[in-house]
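These notes concern the structure reproduced below.
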Amino acid sequence: MATGILALQGAFAEHAAMLDRLGEPHFEIRQARDLEKPLDRLIIPGGESTVMRRLLHDLDLFDALRARIAEGMPVFGTCAGLILLAKQVDGGVPCFATMDIAVKRNAYGRQLGSFFTNDSFEGLGTLPMTFIRAPYIESVSGGAKALAVVGGKIVAARQDNQLVTAFHPELDSSTAIHEYFLKM
Ligand SMILES: NC(=O)CC[C@H](N)C(=O)O
């Protein structure tokens, strides 16, 4: 199985390191030509969702990737990646809009925007969670289901082939969420 990591901007190298730890092959997606390779699943990293959204269009990646996600290719979005998959974005503009979640960007405000906690994740037990200028999910609808709630806010969700976290599992020691994704 070939895992592509969107590598336009942000924390793509950390996801690559995580997949290396799991012995899982991967490649970077930087330009349309990279989509000629077999692609079985996609990771969209954290970073700046506004910049990534613009680059996806400028580099002609948007339509092909959106079609693949809509067809059911497994996709894992962390932080900015979560924002890019959401149908509704408070404080931003939807991008792929394939997931029935409403998200709030930079939701914790400047002071509290970055923090660390340990909290429970559906089916995986207690996991480390690093939040960096994080969004949270205001609501899930349709086929989307919450997988983790921290301080009353939904911070992870899944809808069929789409998995999102508001935090950054690629920055912590636990490989559990990446393993969960690789089994989807
Ligand atoms: N760490 C992150 O990915 C932050 C997301 C960023 N605040 C955004 O809106 O894109």
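Backbone N, Cα and C define each Cβ position, glycine as well.
According to TrEMBL, the features are:
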{"type": "ACT_SITE", "residues": "Cys79", "note": "active site, nucleophile"}
{"type": "ACT_SITE", "residues": "His168", "note": "active site, charge relay system"}
{"type": "ACT_SITE", "residues": "Glu170", "note": "active site, charge relay system"}
{"type": "BINDING", "residues": "Gly47, Glu48, Ser49, Arg105, Ile132, Arg133", "note": "L-glutamine binding site"}
Top Cα neighbour of Gly47 (L-glutamine binding site) in the set of active-site residues Cys79, His168, Glu170: Cys79
Spatial separation of Glu170 (active site, charge relay system) from Ile132 (L-glutamine binding site) - C-alpha basis, Å: 12
Cβ within 8 Å of the mean position of the Cβ atoms of Gly47, Glu48, Ser49, Arg105, Ile132, Arg133: remaining residues of the chain near L-glutamine: Gly10, Gly46, Cys79, Ala80, Ile83, Asn106, Ala134, Pro135
Secondary structure at Glu170 (active site, charge relay system), reduced by DSSP to three states: helix
Residues that sit under 8 angstroms from Cys79 (active site, nucleophile) by C-beta distance, when 6+ apart in the chain: Ala11, Pro45, Gly46, Gly47, Ile132, Arg133, Ala134, Pro135, Thr165, Ala166, Phe167, His168
Cβ neighbour count (within 10 Å, all chains shown) around Glu48 (L-glutamine binding site): 15
For Glu170 (active site, charge relay system), the number of other Cβ atoms found within 10 Å of its own Cβ: 26
Binding residues Gly47, Glu48, Ser49, Arg105, Ile132, Arg133 (L-glutamine) - maximum C-alpha distance in whole Å: 13
Pairwise CA distance, Ser49 (L-glutamine binding site) versus Glu170 (active site, charge relay system), rounded so that it is a whole Å: 17
Which of Arg105, Arg133, His168, the listed recorded positions, has fewest other Cβ atoms within 10 Å: Arg133
